[in-house]
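Below: the structure, in C-alpha cells.
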C-alpha cells in the first residue's frame, strides 16, 4: 500500500528528516521561505516504508514532515467520502 509523504511550509531547512530516512526518500531543495534557503522534498515516495523516522527527527513544534500510511492517507488528505 502506498504512503504519502507531505512536507509543510513550516520546514526550517535543518536536514534532520533527510538524514533520518534510511531509504533516501527525502532530499533538500532550494527554497527562499526560511533562513536556511532550503526545504525538504519527497521525490521518491514510492520507496517509503512508513517507518516515520523523518517525523521523529523533525525539531519543529508542528511537524514539518508527515507520513500518511495507506488508508490513513486518503482520510488525512481530506479525500475520504
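Here the Cβ of each residue, glycine as well, is placed from N, Cα and C on the backbone.
What Swiss-Prot records for this protein:
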| type | residues | note |
| --- | --- | --- |
| DOMAIN | 2-31 | domain '4Fe-4S ferredoxin-type 1' |
| BINDING | 11, 14, 17, 58 | [4Fe-4S] cluster 1 binding site |
| BINDING | 21, 48, 51, 54 | [4Fe-4S] cluster 2 binding site |
| DOMAIN | 39-68 | domain '4Fe-4S ferredoxin-type 2' |
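A Cα-Cα distance of 12 Å separates residue 54 ([4Fe-4S] cluster 2 binding site) from residue 14 ([4Fe-4S] cluster 1 binding site). For residue 14 ([4Fe-4S] cluster 1 binding site), the nearest of the binding-site residues by C-alpha distance turns out to be 21; the candidates were 21, 48, 51. Sequence-distant neighbours of the domain '4Fe-4S ferredoxin-type 1' (2-31) (same chain, 6+ residues past either end, Cβ-Cβ under 8 Å): 37-51, 53-60, 62-70, 73, 76-77. Counted over every protein chain shown, other Cβ atoms within 10 Å are most numerous around 17 among the binding-site residues 17, 21.
Around the Cβ of residue 51 ([4Fe-4S] cluster 2 binding site), a 10 Å sphere holds 15 further Cβ atoms from the protein chains shown.
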